[in-house]
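**Student:** Supplied in structure tokens, the structure appears directly below.
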Ligand code: GTR
């Protein structure tokens, strides 16, 4: 008797579970960052908002810390629909999407507010359309601050200080070009490998924003941070285009709203974390170097822009549009 009831109950539970799998769409999401990082917290918030705003019809399970692979691999997985969602930096998306690569041109943005004004305008639409064409629909933009150089030996004040230095960059010809034009040796490498590479001297330096410099522990093995601020690259909450296009209009609105709210939350967390990360590494003994004159770094980037125009002659107006945006 007892056995029969247990069996019936177990069957009912299994049926209910099946029904919930069938009625809900359970998405899987990729993020590279550790617990507590602004993007990690804000992606969890996105998952929470998604469930609420879609009335539980869509849910998202986030995989943080890069556990589902490197960023270039995850971008491919979202394109292929093996994953539905990713929090991506546009740097590694650039090689796939020439229009989205404009944001990875060194010194293209004046500052972070300028970057957001550009993304909110016509240029943002062109960039998003280029991404959608390659299978990745951006839903909202996250802040990733400005990236600066760091290394273990000395402060960097002029391009001559980069000469001969092995510098890790993200996978993108614009970044290898950037280091080469400064006289250094570019070394493209996955984010997860950079700590060991710095520690063992495989590279002499790298470049990133304050929160990543701090959260990865790179500051422990590369104690000079020089404020070059050569790259200001946005990040996205991105979705597989097929997944997005299959949504009803009502669900599209709900998903977009959840992403926008998550992005506003992320930007607020970002501002606080930038200050906190800087304070933490300074307290740990990092030498922060203000570069008095950044003009020589900017001037050295002319060939990087030329190579970009040569490969994408049709994208010159997009660059000019960004430069003309107040
Ligand atoms: C971080 C960014 C990551 C990743 C990383 C890197 O600032 O948030 O998505 O691009 O930099 O340097 O690989």
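Any Cβ shown, glycine's included, is placed from N, Cα and C.
Annotation comment: TrEMBL describes 1-24 as signal peptide. Annotation comment: TrEMBL describes 71, 147, 168, 208, 209, 235 as beta-D-glucuronate binding site.
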**Student:** Let me know how many other Cβ atoms fall within 10 Å of the Cβ of residue 147 (beta-D-glucuronate binding site).
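**Tutor:** Excluding its own Cβ, the number within 10 Å is 25.
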**Student:** Tell me, how many other CB atoms lie within 10 A of the CB of residue 71 (beta-D-glucuronate binding site), whichever protein chain they belong to?
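**Tutor:** Excluding its own Cβ, residue 71 (beta-D-glucuronate binding site) sees 23 Cβ atoms within 10 Å.
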**Student:** So, three-state DSSP: helix, strand or coil for residue 208 (beta-D-glucuronate binding site)?
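**Tutor:** Its secondary structure by DSSP: strand.
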**Student:** Where the record says 71, 147, 168, 208, 209, 235 bind beta-D-glucuronate, what is the longest distance in Å from one Cα to another among those residues?
**Tutor:** 20
**Student:** According to DSSP, does residue 71 (beta-D-glucuronate binding site) sit in a helix, a strand, or coil?
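**Tutor:** Assignment for residue 71 (beta-D-glucuronate binding site) reads helix.
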**Student:** Residues with Cβ closer than 8 Å to the Cβ of residue 208 (beta-D-glucuronate binding site), same chain and 6+ apart in sequence?
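**Tutor:** Result: 147, 148, 150, 216, 218.
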**Student:** If you draw a 10 Å sphere on the Cβ of residue 235 (beta-D-glucuronate binding site), how many other Cβ atoms land inside?
**Tutor:** 23
**Student:** Of 147, 168, 208, 209, listed as binding-site residues, which ones have a Cβ less than 6 Å away from ligand 1?
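**Tutor:** Only 208, 209 qualify.
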